[in-house]
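Following: one structure in structure tokens, then a few remarks.
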Amino acid sequence: MLSWIQHRWTALWLLFAAYGSLFLFMYGFFPLKYHSGKISHMDDLPNFINSVSIDGHEVYNSGENSVILMVIDGLRYDFATEEYMPFTGQLLKNKSACIYVSVAEPPTVTMPRIKSPERKKEKAQWRRTINFWRDIFAMMTGSVSTFADVALNFGAPAVRGDSVLRAAKSRGRRAVMYGDDTWLRLFPGMWNDSDGTTSFFVTDYTEVDNNVTRHLDKVLAPDENKKPSFDFLVLHYLGLDHIGHLEGARSAKIKPKLLEMDDVVKKIYTGMRTWHRSGILIICGDHGMRDAGGHGGASAAEVLVPLVVVKSDNFVCPHPSGPGPTVAQVDVAPTIAWLLNAPIPGDSTGRILPSLMPSDVQQHLYLLHVLAAHNAQQSPPADTEFFQQFKRAEVQFAHFLTTGQQSAAKIAKEFYDESLEDLAKYHTETTTDFDLFAIGIAIFMLYILTGALLCVTLFSFQQDPQRNTSVVRQHRSQASTIVAFAVIFFLVSTTLLISCFISETKSRFCSFNPFWTICFIAASLGIAAAYFIIKAAIERTKDLSALRELNAIDYLLIIGTLFHAWSFFGTSFIEEEHMTWYFFWNTLMFFVLVRTIVVVVMYFTKKWSGATEFQDKLDLENRMSSVGVSIVPQWVLLIALHRYLRTMNQTGDRWLFLPDTADWLNAPENSFYLEAHLVIGTVLTLGVCLWNVRHMNNFMQIHSALTVAATGCVFLYRIATSALQTRYTFLKSYDPVNIVDVFWGILTFQVLFELAIYVGMFAQCGLKPKFAYTKPKAKSEDHFYDEMDEPWNIEEVKLSLATSLSHIMYNDLMLIIVLLMRPHNVIMVPSVYFTCVLTSKCLDHKLLDSRSRRTEVVDVMSQALVHLWIGVLFYFYQGNSNSLASVDLGSGYVGLREYSEFPVALRMGLHAYAGPALAGARLFCALAAAPAASWTQYLQSVWRVINIFALQRVYQLVVYCVIATIFRHHLFVWTVFSPKLLYDFVATVFSIQALSTIGNIILITHMTSWLARLVTYKTTL
């Protein structure tokens, strides 16, 4: 197993294993509700009650009704009062209408939109849509979705399976929709007439609602038979929620908007009273809103919404005045289905609203029986008390049908109500049923993988790991190693198998179907491999003396990184994680400032005092030569830059809606300053890219020309999308998609051109590159050289190629991110570079410490950790957070004409993690371009950095998984803990991709060297 810990990609394979473990954890933590796919039919209505015959179709009939569902987005429960909505309040006061408390269950996530205006508008759009999918799904299907269902429904797919609309359409009912066009995408082909209004322009408070109201006069007007032209009408108003997002629930515009909605209610009520059929108006909100605006949490103001029922004919609310009973959103689906004489949707778990239940005893009991029987078919255990209660109710109902005794009807109603209530609790509990066995196995695997990564990392910290191995042990029989591994694998598999049977778990991990059998074997292999890695590393890690060179700043980096993961025990530290990193970074900058001031003061003191201690003076001269005396003012300027960048975007939760610099820049009157940010950020990025060109095989300055051309494409794209104004108006007519295609072509050609130079494809043309294969040593006449033993400078050219490719990757990455960034955020791209460069200089142990020992290990460790910090810091500077509402959707569609999953996901991910990507790429560039670095030293440094990156990622995963498991029943588990888990999942994916990219660069150097042997060797012999 020695080769495992010495292999430079062991950490990457362990990270892959951690990714699989995280996937298993998320499977157990996010229970995926498996919808039955059952399509209901009228023939499913029972015609026998405990062997007593009954005409189900006749009893189920609710008569001729027209139902109007009026969804007022963002309607809080305290808005449905006479103060805000006087007509509605008067109806409630006179008991001409009923009000219920409807609970909007978190998590509250919807699907993203394709378009993307300015930053603040899109953030508000995310938070407006954050409730839609789950709540409308519940109201139309009668089924509650889980967090995993919501996460898997990004992209606004059509709802599959049964729904009220499908059932109504099967019965020939006419459905009409005016309002949020998301309804049209969720339920395509279900509408006889529709007019969708985009919910995208969140600054629109009036037109977005006027486009709905303008249809009312026509749609409410009865025909010659005094009947409306529809059976089911959906009206979805967005203006109230738009006001709440941008100005809060206490805005002066809230009351006028509610009065407008009240006038709509009055118009509908007046119109219904002219019909010769019963009209039912259901008024509800899909979610509430906080006083500060927005939603997505679990506070009462966000999850408690009113549900008002109004009927046109002689309706008296059966409930006493005051706050009505509590109902669930899933109750809307069976209610509307019954009113339309349509079957209840197949996966519905709701019940009919009490005020609309018929007064006829037989029909009332039959509906209760239909609901209870329908819910009982959702696979509850037959031996449960509520199932037995349903059977008792069925017996009493049959007795009533036979004898007509009212006492039997009363008992049957009580039994049905109790059964339905318990069934609802059962379905709610099973929706959030965690697979604790899978969670436990996943956490254990993450724990042991963290231990293996720690051991591999410590092993790599030895000054020369190759020398600390025993020759005897290296030649240990491979057969004995295989046997030992097989024994450990057998023991691990047996232990897991016994655990499955002893615990009597129902986890699918122990179901042993083909897929889960593979997962079971993979888990056993991963644990066994991690055990051997830990064992081998412990046996061979003997010299960690390099860690004695750690200084105070190194300890700050280590302790801060370790503590950060444990800070998530507080929900506020998850929502406001950026504050933790801001504190860490400010502390680090203060420490570095003090240390650099001390070094500079010592330097000038020794220099001006005429001290005779030659050794001290020489040491200080050496320490200051690489950075110069100007290091302190440069660091002060960097502090000022970070203070400005911190104000750019408000993030987190508590202060999200406070004004920030980006809001000021995006104001129309400040467009000049926004364009200045865009131009300055892009030009500085171009300057950094041109500076990096010196590390490339820059034949005839072609790389410089390509870089300038790519930057020109960025400017053209900004002009074509109106982000940048110019006097040359013809430039605005260019197609942005074509511009981006040219941009990709330039970047691709740049990489291929560099590889072609190193292979030597242009050698025949007499074009000699800057770095080429040469023979620095002459052949010795007394030694026979094999063809492949020629004294070529292969390793030197490999290092040059790795340096070149790393800088090309970094340049391309910067230009791509500049293309994807919001205009006000472009300045952050060169800021990452300046921060990395200056921080690397200031953390150099030769500058901060007077000891002149070997510091390669601690230098690599401190550089790796500080670049991790810089990446996370700019992640939050950019406006990101642990809320799904902070995802920038617009970046996913740059250069695309239509939705395509992989390109959109890749762009969105790169934009979100631009800070970590840029900081990490800069670190690997620095490793390759380090002074006096050799190919072997470069590989060793890359090995150590990959180990540190992988260890930090898996360590954070295991700690947070433990925290999420402990708080799995917390009130904010779906709104705070779960989104953070999704972000960690995505961060792990991009960590694997980033480290794999470095591996590909090293692989390309080997392949290029092999090709060069074929092309270059013989031509230069």
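Just so it is clear, glycine is given a Cβ too, placed from its N, Cα and C backbone atoms.
According to TrEMBL, the features are:
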- 12-30: transmembrane segment (TRANSMEM)
- 436-461: transmembrane segment (TRANSMEM)
- 514-534: transmembrane segment (TRANSMEM)
- 555-574: transmembrane segment (TRANSMEM)
- 580-604: transmembrane segment (TRANSMEM)
- 625-645: transmembrane segment (TRANSMEM)
- 672-693: transmembrane segment (TRANSMEM)
- 705-724: transmembrane segment (TRANSMEM)
- 744-767: transmembrane segment (TRANSMEM)
- 852-1002: domain 'GPI ethanolamine phosphate transferase 2 C-terminal' (DOMAIN)
- 857-877: transmembrane segment (TRANSMEM)
- 913-936: transmembrane segment (TRANSMEM)
- 983-1004: transmembrane segment (TRANSMEM)
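The stretches the transmembrane segment (555-574) and the transmembrane segment (12-30) do not meet in space: the count of Cβ pairs below 8 angstroms, excluding pairs fewer than 6 apart in sequence, stays at fewer than three. Most Cβ pairs under 8 Å to the transmembrane segment (983-1004), among the stretches 672-693, 705-724, 857-877, 913-936, belong to 913-936. If you count C-beta pairs under 8 angstroms between the transmembrane segment (625-645) and each of 580-604, 672-693, 913-936, the highest count goes to 580-604. Counted over residue pairs 6 or more apart, the CB atoms of the transmembrane segment (857-877) and the transmembrane segment (12-30) come under 8 Å in fewer than three pairs, which marks the two as apart.
If you look at the transmembrane segment (436-461), the same-chain residues 6 or more away from its ends with a CB under 8 A from one of its CBs are 5, 10-11, 14-15, 17-18, 21-22, 24-25, 27-29, 496, 499-500, 503, 505, 507-510, 523, 526-527, 529-531, 533-534, 537-538, 540-541, 544, 546-547, 857, 861, 940, 943-944, 947-948, 950-951, 954-955, 957-958, 961-962, 965. Sequence-distant residue pairs (6 or more apart) of the transmembrane segment (705-724) and the transmembrane segment (913-936) include fewer than 3 whose Cβ atoms are under 8 Å, leaving the two stretches without contact. Looking just at the domain 'GPI ethanolamine phosphate transferase 2 C-terminal' (852-1002), the mean pLDDT is 88. Listed by sequence, the residues of this chain that lie at least six past the ends of the transmembrane segment (580-604) yet keep a Cβ under 8 A from its Cβ atoms are 552-553, 556-557, 560, 564, 567, 573, 620, 623-624, 629, 631-632, 635-636, 638-639, 642, 646, 839, 842-843, 847-848, 866, 869, 872-873, 876.
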